[in-house]
Amino acid sequence: MIESQEADGRWTLHGVTSNGYGCARADRPGVYTKVVNYVRWVGAVLGGGEAAHVSHKVAQALRDSKTACQGHRCPLGQCLPRNRVCNGFIECSDGSDERGCW
């Protein structure tokens, strides 16, 4: 799981991986889960009041990820700033950040 602890002690789930060595390492396979597909289940496990909070946080993160990228969006959702596109380093899993560079 990819998570972080907030300043108030709560944990935020960012992603789930069921396979892989580390997290998004170059030349290493990884299988990731789209957390938004499991929001209802997470809410049911957490129970009542937390479910709405979880759902809101996931929805907001999705909105932010779709609108905030000012560079190149990799197929797995990572947003690369413009200065990391065509810089000679493949950073997207499919190499799309280095295609069509002059």
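Each residue, glycine too, has its Cβ placed from N, Cα and C.
Looking at the candidates Cys23, Cys69, Cys74, TrEMBL gives Cys74 as the cysteine bonded to Cys92 by a disulfide. Among Cys69, Cys101, the one TrEMBL lists as the disulfide partner of Cys86 is Cys101.
Non-local neighbourhood of Cys86 (disulfide bond): Asp97, Glu98, Cys101, Trp102, each in the same chain, at least six residues away, with C-beta under 8 Å from its C-beta. Shown in sequence order, His72, Cys74, Pro75, Leu76, Gln78, Leu80 are the residues of the chain, 6+ apart in sequence, with a C-beta less than 8 angstroms from the C-beta of Cys92 (disulfide bond). Each of the disulfide-bonded residues Cys74, Cys101 was scored by the other Cβ atoms within 10 Å of its Cβ; the lowest score goes to Cys101.
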